C-alpha cells in the first residue's frame with residue numbers, strides 16, 4: 001500500500017503521520033505543497049499543524065496550494081483522502097467536505113485526550129473494526145464544527161458523520177463535547193465515504209509507552225481494508 005503525506009508551510013504533524021503510516025505497512029512518501037503531481041498513492045493524508053500560520057482562515061491558504069489540484073482530482077476519482085486537524089480544515093476549505101470549523105466554544109486552545117465514537121462503518125476507514133470507542137488526542141483552536149440546517153440534514157440523511165465526541169462509555173452528550181461542535185461531530189465523510197476529515201490525532205496514539213494504542217487499531221484496520 002502506497003501513501004502520501006502532504007507537507008505545507010507550518011505543518012507540524014507530517015513526520016508523526018509518516019512514522020505512523022510506515023509502522024503499519026504503508027510505503028509512504030512526503031509530498032511538498034508546491035509539487036504538482038501526486039506519486040502513486042492508495043491514500044493521501046493532509047496532516048495537522050498550522051499551515052501558513054493559520055492566516056485568513058485555518059486551511060484557507062493551504063487549500064489553494066499547487067498540490068491540491070491533484071488531491072482534488074484524486075479524491076473526485078474515488079481515491080482515499082484523510083485530513084487530520086488542520087488537514088480537516090483544509091479539506092473543508094477546498095470543498096471536499098461540507099461545513100466549516102470555527103473557534104472553539106470557549107475561545108481557548110484545547111490540548112487533551114478525548115473519547116470519540118465511530119458512527120459509520122460502511123467505509124474503508126472503520127469497516128470491520130470491532131472497536132467503537134477510541135481514545136485519541138486533540139490539539140486545536142478551531143475545531144468547532146458547524147454547518148447550515150440544510151447541510152446537517154443532508155449529512156445525517158447520508159450517514160456522513162464519521163466520529164462523535166463521547167465519554168468512555170460511548171455516551172454522546174454536551175459534557176463530552178470539548179469545543180462546541182454541532183451534534184458533537186468530531187469527523188465527517190464526503191457523500192462517497194472516500195474522504196474523511198477528523199479533528200482527533202490517531203497518529204499520536206500508536207505507542208503504549210508514550211500515549212496509547214487506539215491509533216494502532218485505527219491504522220492497522222485502515223491498511224487491512226485498503227489491501
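Cβ atoms are placed via backbone N, Cα and C, with glycine included.
Under a cutoff of 8 A between CB atoms, and with a sequence separation of 6+ in the same chain, the neighbours of residue 85 (active site, nucleophile) are 13, 47, 48, 49, 138, 139, 140, 143, 198, 199, 200, 201. Per Swiss-Prot, active site, nucleophile is recorded for 85, and the stated evidence type is sequence analysis.
When secondary structure is read from DSSP and collapsed to three states, residue 201 (active site) falls in the strand class. Taken from Swiss-Prot, the feature active site covers 201 (among others), and the record attributes it to sequence analysis.
When Cβ atoms from all protein chains are considered, those within 10 Å of residue 203 (active site) total 28, not counting its own. Swiss-Prot lists 203 (among others) with the feature active site, giving sequence analysis as the kind of evidence.
Feature annotation from Swiss-Prot assigns domain 'Glutamine amidotransferase type-1' to 3-227.
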* Structure fact -> Using a 10 Å radius on the Cβ of residue 201 (active site), the other Cβ atoms enclosed count 23
